[in-house]
Amino acid sequence: MATRSRTRKSSISRASTPLSANSTSSSKAPSTSSSSTSLSSMALVNEKSGKPLLDTYGNEFELPDFTIKQIRDAIPAHCYKSSTLRSLSYVARDLALVSSNFYAFKFHIIPALAEYHPAARFAAWGVYSFLQGLFCTGLWVLAHECGHGAFSPSKTVNDLVGWVLHSSLLVPFWSWKISHGKHHKATGHLERDMVFVPKSREEYSRRYAGGIGHDIAELTEETPIATLVHLIGQQLLGWPLYLINNVTGHPYHERQSEGRGIGKRNGWFGGVNHFDPRSPLYESRDAKWILLSDVGIAVAMYFLYQAVQIWGLANMAIWYFCPYLWVNHWLVAITFLQHTDPSLPHYHPEAWTYTRGAAATIDREFGFIGRHLLHGIIETHVAHHFVSSIPFYNADEATEAVKKVMGKHYRSDTEGGPAGFLRALWRSPRWCQFVEPSEGAEGEAKGVVFFRNRNGLGVPPASQEKTVPRDLFEKKGPIVQVAEVSDSE
């Protein structure tokens, strides 16, 4: 497959494509050091074997040569400035879309179909819920802006608007804000990241090969129907399960610095969730914000209960709960595809830095829906991870500046536009099932891992006899906050 252009709007970046059959990779000496803000410009190779690290597509992985300071300095100063009035105008616009959509279907479109077969009205309400889900996801994204302080220069405005919008969508605002901030400070870190932390080869083997063997090498290809069932479950239930059970979050809660995670685990009744002030996702100082988040959810649920009493559960299921499921779908799809791609690395603690993690994200393209209804959250995610306080309406300009610094290390998958985005939702779970180091990795190279799969796609997993299991809990004591950089620094 020929390497494609890296033009952002019309093609997929080189970093996100397989190597051509005739491509070759040259071995280069590994960097001797890396700081929290600087990455080696040389390809990281295995210290003893001299083999280059390969992503899932077979591309040779190279660490970028830019610094976080270069990224920030390259972004025009005005991109950092937010406008309360402009941000509120987008809230007003999205609320108008939500209201107009409801009014149009409830009082015009559905009555006009009264004489038709009930299937016509069913289909019309399906269109309503799809559109309402998009408009409400737009509101969710604006609350996301509030959580990053990008909505307004005023912290009070950010907190108030974010709390109201997220609560109306059954999201615990401050609880999410705090854990999401930790995600940004540890993106791509296998022991500290807060969402879509990939399974190691050992974890995947225990889950899927435990009944028939001891390693993924003893598994056959996952059937497409199994992938589909998993994908449907992820898209329908992934978001609430993340809030309730910390699904896809890291499991290292016993290392929480205050000892709040002792005896707690992800999963049902494990004590790790976004609603309990005692959760190890938070520190003691966060308790009041978790409780305020819970109050917001309680108020929203009270109004929903009253609405059900007045208009009935069937009507509310159509008007609110079906669109709510669409919101869940879009949130999970967006986040999953921002951090899961065959071209992306992840890092063990000894190899991770803030800049490496921020660079391990990918931009995609979702056309008019993504750029306008969803406020560009899909198309400008890479820049957002370097500087999350930039308001979304300045993110395109910031992205162009960031791309000039990142060069070939900027990752995007824009081929096919919206259709390509949806195809990636199928491709990623097929290609990206677990992570492991490149075969023969030694030294620092063992700390850089890439997606592999049991489906015969891309670079095959390392042969079983050459793998050295890494004990997931070999490092004891509290998690050390190493090499992290916040937007304010």
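Just so it is clear, glycine is given a Cβ too, placed from its N, Cα and C backbone atoms.
Marked as region 'Disordered' by TrEMBL: 1-37. Positions annotated as compositional bias 'Basic residues' by TrEMBL: 1-11. Residues or ranges marked as compositional bias 'Low complexity' by TrEMBL: 12-37. According to TrEMBL, the feature domain 'Fatty acid desaturase N-terminal' maps to 63-98. What TrEMBL records for 122-140, 160-176, 287-305 is transmembrane segment. The domain 'Fatty acid desaturase' annotation in TrEMBL covers 124-412.
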Secondary structure content of the domain 'Fatty acid desaturase N-terminal' (63-98), with strand meaning DSSP E or B: 26 helix, 1 strand, 9 coil
Sequence-distant contacts of the transmembrane segment (287-305), meaning Cβ under 8 Å and at least 6 residues beyond its ends, amount to 163-164, 166-168, 170-178, 274-277, 279, 316, 320
Within the same chain, where does the transmembrane segment (160-176) have neighbours whose Cβ lies under 8 angstroms from its own Cβ atoms, ignoring anything closer than 6 residues to its ends? I mean 6 or more beyond. 87-88, 91, 136, 139-140, 142-143, 145-147, 151-152, 243, 274-275, 281-282, 286, 289-290, 292-294, 296-297, 299-301, 324, 327
